[in-house]
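Contents: one structure, followed by commentary.
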Amino acid sequence: MSQIVDFVEDKDSRNDASIQIIDGPSNVEIIALSESMDQDECKRAHVSSAEMIPSSPQRKSVSNDVENVDLNKSIELSAPFFQDISISKLDDFSTTVNSIIDSSLRNENNAKGNAKKLLDDLISDEWSADLESSGKKHNKSQYNLRDIAEKWGVQSLKNPEPIAVDCEYKTQGIGKTNSDISDSPKSQIGAADILFDFPLSPVKHENPTEEKHNSIANENSSPDNSLKPAGKQNHGEDGTSMAKRVYNKGEDEQEHLPKGKKRTIALSRTLINSTKLPDTVELNLSKFLDSSDSITTDVLSTPAKGSNIVRTGSQPIFSNANCFQEAKRSKTLTAEDPKCTKNTAREVSQLENYIAYGQYYTREDSKNKIRHLLKENKNAFKRVNQIYRDNIKARSQMIIEFSPSLLQLFKKGDSDLQQQLAPAVVQSSYNDSMPLLRFLRKCDSIYDFSNDFYYPCDPKIVEENVLILYYDAQEFFEQYTSQKKELYRKIRFFSKNGKHVILILSDINKLKRAIFQLENEKYKARVEQRLSGTEEALRPRSKKSSQVGKLGIKKFDLEQRLRFIDREWHVKIHTVNSHMEFINSLPNLVSLIGKQRMDPAIRYMKYAHLNVKSAQDSTETLKKTFHQIGRMPEMKANNVVSLYPSFQSLLEDIEKGRLQSDNEGKYLMTEAVEKRLYKLFTCTDPNDTIE
């Protein structure tokens, strides 16, 4: 029962007052004529015979031949949602094919007296209530067909096919349409399935009957339809006949119901159809994970399930019949992979930059090695794991390597470099291209990064990650001005290889004074020139002053460039005023580098910010507590500890509400310290502060 609805839009009125409905075998299409006759011609067109085609600006004779139909200056628009147009007066389908309707869209009184309309059959139950309510609310509104077409994104067809108007269509159109629709798969779906009724894809013109509403298909596919060929009535009866009969029975029962109840029934059908069990797929998450991720593959893999288990959409993916299973550690977690430990522990991965000569051992290898050392060489194992705090012992393992030119420069001074750095060894390097200081270590143990143990080994000399570049400040900025790229490349060579570069600039204050003096001389010369009008001859400068003038750096620019180099060149700049100042500070630097390998603050970097030092006994711990809480002096803390040697003894008197006095009969502590101690011992809130 597909038909072509031909809408003729008047140019003057711009409304939907004149509408012509013509049955045809194609999809529902809208033909909006760019020009139309005026209202007088429209009235004469309604009185004309049923064989007349839609009116045009020029009145022509009409015949039944398809070629004589004038469709010039018309735009053919495909509108699959033509039911949204509220048309209140339509002609009966059984009277004639080309009958013309002369009624207004806003006339509801005449619509009540008409017989059953064509669009009433086309519109389904769920849409009829919307049309009725929308017609009451917007009875005075007018619809523009072009706006409706643009609203639904309908595109115009360049070559519209002519409308075939002949007598054979009257007898064959209905039977042909019914047979096509009954064979379509749309007749097997409920009327309230909107996704099938109005697909998101564009309308296909090859098979137009599949785009019709489901109500048309269900009405025309009934077994009582006499216009349907006999050969196609039994087609598909094995799979869908029962569903068709149930649906047609429900349609017959709903004919006498009002439209509001019809919509309620249609919505209930939609709810029933939507509550069907969805198609579920059992996911195996191990196929979605990377094979290299050995930690999560065994843990997150979906367990195998029986084929009789049906999961609905409300059940979780990881649901299992046995919810209370015994917690088991994954095999990959017990394997103790060194690389896995390196990646998961952040502080362990950073130890390589500070602790030289180390290796990653598994837990089993570590246990076997410790068991063997405790049997064979127990004293050596204890010795290499002992933490030393003496600076002399820390320097005993160090070797300081100077470049030849730098070592010769430091030996010119009055101090003995070897004596100041003893017991460290001072030696000269073979490369004199850069003023470089390297720190070497004599290692007799190897460090276990994974288990935090030192194992005795054969002596070996390794290089520390810290090195020093020593430059005179003026020479450095001369290279920075003339050979900046080469200087940057040399410094970045070390920092890219994981070295911590310390850039020492000597005589930086002397350079600042030379730059300031040069700027002051230039300023005085400009002032005297403006006052006297004659240029005064500059005083002869020394060779070093002339070299400073060639730098072209101001005092303010010098500070800015130092900050830029420190930030962008990945170095740490340290300035000294003379060579002797650096030589005197070098022993302390060597001691710090010597302690670095066994420093607990570096090995336990995660807790280094706490800055907590352990005490020898409980009495010393209580004494440090007094100092941290009330800044109590050491002598006064000793008096308190002599009477209360432990926390328990002090807590007993605090609970009693009285404290002992000292030997002179005075208070042991001030009132503020007593309040803080009382709060420390009795407070139950861990987030509370001691004021």
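Glycine too: its Cβ is placed from the backbone N, Cα and C atoms.
Per Swiss-Prot, the annotated phosphoserine among residues Ser61, Ser141, Ser215, Ser415 corresponds to Ser61. The candidates are Ser48, Ser396, Ser578, Ser649; Swiss-Prot tags Ser48 with the feature phosphoserine. In Swiss-Prot, the annotation phosphoserine falls on Ser49, out of Ser26, Ser49, Ser268, Ser319. Mean model confidence for the coiled coil (507-529) is a pLDDT of 84.
As a summary of secondary structure, the region 'Interaction with MUS81' (598-691) carries 56 helix, 2 strand, 36 coil according to DSSP.
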